[in-house]
Amino acid sequence: MVSHFMGSLSVLCFLLLLGFQFVCPQPSTQHRKVPQRMAAEGAPEDDGGGGAPGVWGAWGPWSACSRSCSGGVMEQTRPCLPRSYRLRGGQRPGAPARAFADHVVSAVRTSVPLHRSRDETPALAGTDASRQGPTVLRGSRHPQPQGLEVTGDRRSRTRGTIGPGKYGYGKAPYILPLQTDTAHTPQRLRRQKLSSRHSRSQGASSARHGYSSPAHQVPQHGPLYQSDSGPRSGLQAAEAPIYQLPLTHDQGYPAASSLFHSPETSNNHGVGTHGATQSFSQPARSTAISCIGAYRQYKLCNTNVCPESSRSIREVQCASYNNKPFMGRFYEWEPFAEVKGNRKCELNCQAMGYRFYVRQAEKVIDGTPCDQNGTAICVSGQCKSIGCDDYLGSDKVVDKCGVCGGDNTGCQVVSGVFKHALTSLGYHRVVEIPEGATKINITEMYKSNNYLALRSRSGRSIINGNWAIDRPGKYEGGGTMFTYKRPNEISSTAGESFLAEGPTNEILDVYMIHQQPNPGVHYEYVIMGTNAISPQVPPHRRPGEPFNGQMVTEGRSQEEGEQKGRNEEKEDLRGEAPEMFTSESAQTFPVRHPDRFSPHRPDNLVPPAPQPPRRSRDHNWKQLGTTECSTTCGKGSQYPIFRCVHRSTHEEAPESYCDSSMKPTPEEEPCNIFPCPAFWDIGEWSECSKTCGLGMQHRQVLCRQVYANRSLTVQPYRCQHLEKPETTSTCQLKICSEWQIRTDWTSCSVPCGVGQRTRDVKCVSNIGDVVDDEECNMKLRPNDIENCDMGPCAKSWFLTEWSERCSAECGAGVRTRSVVCMTNHVSSLPLEGCGNNRPAEATPCDNGPCTGKVEWFAGSWSQCSIECGSGTQQREVICVRKNADTFEVLDPSECSFLEKPPSQQSCHLKPCGAKWFSTEWSMCSKSCQGGFRVREVRCLSDDMTLSNLCDPQLKPEERESCNPQDCVPEVDENCKDKYYNCNVVVQARLCVYNYYKTACCASCTRVANRQTGFLGSR
């Protein structure tokens, strides 16, 4: 029975085995060949020799965007086809591929593994196999077989050794795995080897979906980096130097919300350059086909801003490794950006709360920004800039004409400097801004008491018109927005400026309100179109002088030009805008900068006029009116207008019918000689009387009247028809702040003996905001640190921590620590008082060979800035490179990846004790014949409180005599009045201003002497 059963079972097994052979045939030799070898065997022999020229096919469709917001990347490719393919009547370039039926057609190369090849073992980079010994795999307790050779496969799969000290110091502790990393088990490795033979043929199809999201693709940590410090006892992977961070690195946690959609509903996490398939691979021939040009191009997409609560794309990629053990334990990862430029597109992640980071992937997802604040993004592991056309690597920028990728030929730049020496006060025209101007920049060369003004051609004042000074800000005019800037009067030397993007929709005139010598006004704007011309030469320019860097020849005589310049030199913003071009002097001046534009001959030249008819005695010159008055009030000028008329009919005829030599010369005639209405001239506000809190500010308001192109100060009653502006106003620069103790005293820093305790003291404004300490009175600052006594300590050895730095920056050195025998109240004992078991004070260290390492070099500290109390010390910190026997000083940017030592520190010396403090001496009570001056003297302790511990013998005097000389007026030959109306300056009490004190020196000095004598007599 048993034998029968066993026989049946044998037959059944034989049938099953035979059926399995038919169902699952063994893979043939052809299937095990790599694609390159298959293509080589299937191609006929090439008798051509070199690479055959090809033709580009049409661009394929754009791939899906690699990001859903904040700027992703799309990819577009085109195939390189053999030239004979088009000649044989094959499919047009860009059509679906049928030319090579046995090959997979892909738009881009398949995705590359981020960490290791299929046969690569997780070896520690930088460690010899002979020295390594049994290597412990991360996340596994199974040692590596001794006979297994570690291979690199290719450069992108290996990691270079990172020497200790380059990114900091420290060790990553080895901890037993909390969870077995199944990705590195030997069984998993064997399965990968068995399946790797089919992976290449399936790679193209599997890569069509691009990068999978972190939820779908289990991320693997990058390899651990082990140093070359020699063999150790025990497990070789127990300790390994890794990327170390500076001590001051931020250890905050990122936001928990995700930037992307859930993996179940979206696959946009990594779809980018690796997400599409290649349009055409090379033909299955041994001869290569080459095409000249770009095979693929990238474009920016989905530039809409991500929600504020979303995490950055680097945070999302680093967080995907949170659920994978690293060296036996789990970490939370955050981006680490303090790397050099060529590594900005690697996925470097820092373990939160620890001072090391790991390169988790060689490439970030396409579309990831290279820098936190930069505009370049990463594509295929390379940092590429974004052109103005949104194409990556196009290097196109917007030229000065506003054209993307333009060559600056679509517009003209008009610029110059207004340097005319002005003599009279008031408005003077600087330049005309034509219609359609862009990139307008009108700037004083340096600060002065003059003001810039702007008016439209229609007569509307835009900025600083009608003798009123506007505050800096934005003003709309001419169809654009002008930014009026007036730099701070104390901290800046720059002058006023008008800035506008344009374009303007009407002609605008720029004026200067002249009050002191002209420092020069630079003007520049852009005119679109190649036939644009410059504005009319300003009236202050004489014929034959260079204008805007070009010598311009005017079409009128020098006398006429000078006379017209004198007539137009002074203009009032309240009146009608003078015409820039008249029928007699209309001209154009092409302005082109050297090396940027070439002068051209105008296309609209007027042909020669026909010969006029012969003059006769039937016509003569007659005055037919006058020109408009140059001003509406205050004495202007006008000229008679002469026309050619018929003697009998007095009808006007062409000027060619009259003898031009007999035409009378127009002479200037006065007009509108009545004075202009008086107006209030408003000055600028003075500085606020208080630096914080409510204060007062003042300004000067004068009644002025214009007559004969001069602005005169008149009695205030002439402006009584106008409401007088305010001369004083309240002001508040900022809110006053005070010191606030935010926390209680902390516990003592030592368990016994004398230590320190601290508390938080902040400068807080009256609305509760924390501000800089300079906002509060530093003399009233409460102490934030004090000593504390925790009782006596037992006699014992006291040790400090080992020094963080090795005595040698490279090579062999030592690290040291302090060892002292201490007892009650931290008093020192002889070293033998604690016994003979004294701990070691030095230990060896080695930072690797000296091969041009870059480091910070700090000099010695200077002496304390004060003799007692708290002060500061300084030292030099430079970036150097240590060679064999020399040091090379480098630019500080070369050491930017290293933590820079402080160049300043506080120092505390002995307390100063109570000392006498005094104020400055007051003004003398009399200017002559003996007066006195006083000051306050106080005795203050170290905390700036009143004290009675000062030596009375050392108390400074509180009163002393002054000005014992006789009251004889001293005559200063250089102190004179420059203006005849300085008595008005004295009456208006303007001598407090330096300008009027200098211009009216004699009058202001007499008033000052009278006031001093009056005070002294009292």
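Cβ from N, Cα, C; glycine included.
Source: prediction; values computed, not measured.
Taken from Swiss-Prot, the feature compositional bias 'Low complexity' applies to 201-210.
Positions annotated as compositional bias 'Polar residues' by Swiss-Prot: 259-279.
For 556-577 (among others), the entry in Swiss-Prot reads compositional bias 'Basic and acidic residues'.
The annotation compositional bias 'Basic and acidic residues' is assigned in Swiss-Prot to 592-603 (among others).
Looking at the domain 'TSP type-1 1' (53-307) alone, the prediction's average pLDDT is 49. The feature domain 'TSP type-1 1' is assigned by Swiss-Prot to 53-307.
With DSSP classes pooled into helix, strand and coil, the tally for the domain 'TSP type-1 2' (676-737) is 4 helix, 24 strand, 34 coil. Among the features that Swiss-Prot reports, domain 'TSP type-1 2' is placed at 676-737, with the record citing sequence analysis.
Feature annotation from Swiss-Prot assigns domain 'TSP type-1 3' to 739-792.
What Swiss-Prot lists as domain 'TSP type-1 4' is 793-851.
Annotation comment: Swiss-Prot describes 852-911 as domain 'TSP type-1 5'.
Annotation source Swiss-Prot lists domain 'TSP type-1 6' at 912-968.
The helix, strand and coil residue counts that DSSP assigns across the domain 'PLAC' (971-1008) are 20 helix, 2 strand, 16 coil. The domain 'PLAC' feature in Swiss-Prot is assigned to 971-1008.
Residues or ranges marked as region 'Disordered' by Swiss-Prot: 111-235 (among others).
Swiss-Prot lists 254-279 (among others) with the feature region 'Disordered'.
What Swiss-Prot records for 534-623 (among others) is region 'Disordered'.
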Can at least 3 Cβ pairs under 8 A be found between the domain 'PLAC' (971-1008) and the domain 'TSP type-1 3' (739-792), with each pair 6 or more apart in sequence? no
